């Protein structure tokens with residue numbers, strides 16, 4: 001049985017950064033396991049200048065990511081709470097410069113740096129089973145070519161994302177605040193270049209988001225609740241396009257564009273947190289620890305933050321350090337939730353629509369408590 005100091009489950013930014021931190025700063029022999037094959041489309045998002053501090057901590061020069069990985073973001077235009085456009089850097093008032101992230105380039109660079117420094121990555125790991133015996137973790141999985149494998153380690157990191165299947169196996173259940181999903185697509189327009197700009201527009205059933213990823217490519221996503229999506233059939237391309245055409249500002253920006261794939265993606269976008277006590281020598285990072293509404297633009301930034309801080313707590317073998325990490329996560333989520341609530345409270349035009357009733361009712365409940 002192959003043995004490692006630490007195993008990280010999940011190959012996104014949180015997992016790759018955790019693996020890099022364990023290897024670079026704690027001299028651990030690290031294995032990273034990923035369920036997928038890294039071919040799925042990864043949606044870019046806005047990041048603040050602080051991401052470069054975490055890259056410096058991981059000893060990763062910005063030059064290694066390529067010229068197009070961090071594109072300057074020239075602001076955000078919103079139609080939120082009013083039919084009049086407003087222009088600002090971020091609805092969450094991010095300080096300093098912001099950038100549009102090329103997720104494919106970013107994720108690949110993190111993983112390549114991990115491998116080049118001696119880390120091991122195994123993709124396409126299915127049917128995972130986890131157990132702990134005498135403070136040693138055993139991870140079983142099935143690989144399509146190598147068959148059934150068993151590996152063991154001292155430390156286990158859950159970076160498996162919002163679904164946090166690994167944590168669920170261990171009885172660490174997240175608490176979901178809502179059922180938000182994103183239904184979207186990449187789009188191209190051969191006759192018109194996209195601006196490096198973000199647009200957000202609220203509507204009766206949720207809100208729309210658009211960002212120019214390059215002059216040739218943009219992303220458009222509709223955010224609503226799962227049951228509303230099903231009732232409106234927003235996951236059907238023809239219906240999605242119909243409602244997109246009914247938006248105000250975004251419809252004009254995408255006129256003449258075509259989706260790059262006939263099928264839309266549907267991705268979970270709900271807010272969630274974890275209150276369970278963690279098993280010994282185990283920690284959750286990124287979306288597996290806390291998940292944020294995309295309106296916050298906190299996903300990647302938090303992935304890097306939690307990765308760097310969690311690994312220090314994990315390898316300290318101190319329950320107090322892990323407890324402090326969990327308390328820090330609770331504080332971050334509480335602060336995020338207050339700000340997210342304020343954002344949704346700004347939109348008062350559709351008080352009788354289910355999506356907004358839920359946000360305003362939850363806000364009232366929070367104030368009452």
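Even glycines carry a Cβ here, placed using N, Cα and C.
Binding of FAD is annotated in Swiss-Prot for 10, 11, 12, 13, 14; the matching candidate from 29, 103 at the same site is 103. In the three-state DSSP assignment, the secondary structure recorded for residue 13 (FAD binding site) is helix. Non-local neighbourhood of residue 13 (FAD binding site): 106, 107, 110, 286, 300, 303, 304, 307, each in the same chain, at least six residues away, with C-beta under 8 Å from its C-beta. Take the mean position of the Cβ atoms of 10, 11, 12, 13, 14, 103, the recorded FAD site; other residues of that chain with a Cβ within 8 Å of it are 15, 16, 17, 107, 110, 159, 161, 286, 303.
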